[in-house]
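J.: Mind having a look at this structure? Questions to follow.
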Amino acid sequence: MPTSRPFVLTPGEPAGIGPDLCLLLARQAQPRPLVAIASRALLAQRAEQLGLSIELRDAGPQDWPGEPAPANCLYVWDTPLATAVTAGQLDPRNAHYVLETLTRAGRGCLDGSFAGIITAPVHKGVINEAGIPFSGHTEFLAELTLTEQVVMMLATRGLRVALVTTHLPLRDVAEAITAERLQRVTRILHADLVSKFGIARPRILVCGLNPHAGEGGHLGREEIEVIEPTLAGLREEGIELIGPLPADTLFTPKHLEHCDAVLAMYHDQGLPVLKYKGFGAAVNVTLGLPIVRTSVDHGTALDLAGTGRVDIGSLQVALETAYQMSGAA
């Protein structure tokens, strides 16, 4: 085992910008050892398309790098494609390749080979088109690590937003917000802010579900019947929670100035504000896993693959956050 465990980078959808991100990142020397789990042939082809001269160095279970690669160099754990890739053109035959890169990364973290995973975007649709049920990175890694409950959190400079519910139709959100779910999510958020972000006593702002946080029950009773009593019980466990507050006033400097995270009830309640504040410089973090996993905050951008018009800002933030969470910063 090397003295400094490497982090691993999975490029996601091979026809998207994930391979481009890996190569563009490799132009700079990295502060920590970093291995891309990808097809070496794909990276070589994409580098040629981008006009980049990047040395691809082999890495694998018998020879993990213990030192960072220099500029214009990338360590690669070669993972074969099922079929050749054309930038921007999806092919379901490569769905198993995408999942194999994630499986290698997750298992390597579990056995102690890797310090953390940074993921580039996958295309859920083409994986499902291949006949493989797939909801996303978060659910896949939760199953791989035998984790019952995980929490999605996005972060940018000065703001962290975690979600009680994630990819649900809006009509199903209220029913999904149960006392049990709210307890589990809040406990995971609090625990990981302490253990992975080094915040001794996190201060968490909690959004209400309804406009004006229910207006005393006139605009919905979820705050009165579920959210408020659940938060009261969690406060007795020593968790510092403020709310439920109306989301339209919670996301103002007055409230955000002294908080460590916001807990939003649903996807589009919290994430538009965060993405407006930090799009291109935000990171997606999976809380509750026994491993460190961060991701970029954008999609596969098939139309930009192979063009060189790709911003690596979100990937850099994802790397920095993974280093921080693992104690390697």
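Heads up, the Cβ atoms here are built off N, Cα and C, so glycines get one too.
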J.: Can you pick which of H137, H167, H298 Swiss-Prot lists for the same divalent metal cation site as H212, H267?
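T.: Among the candidates, Swiss-Prot records only H167 at this divalent metal cation site.
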J.: CB neighbours of H267 (divalent metal cation binding site) within 10 A?
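T.: H267 (divalent metal cation binding site) is surrounded by 17 other Cβ atoms within 10 Å.
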J.: Taking the Cβ of H212 (divalent metal cation binding site) as reference, which residues of that chain separated by at least 6 in sequence fall under 8 Å from it?
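T.: Once residues fewer than 6 apart are set aside, H212 (divalent metal cation binding site) is near L219, P246.
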J.: Counting all other Cβ atoms within 10 Å across every protein chain shown, which of the binding-site residues H137, H167, K275, R293 scores highest?
T.: R293
J.: List the residues of the same chain that sit at least 6 positions away from T138 (substrate binding site) in sequence and have their Cβ under 8 Å from its Cβ, in sequence order, or write 'none'.
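T.: Those within reach of T138 (substrate binding site), by Cβ under 8 Å and sequence separation of 6 or more, are V150, M152, T166, T286.
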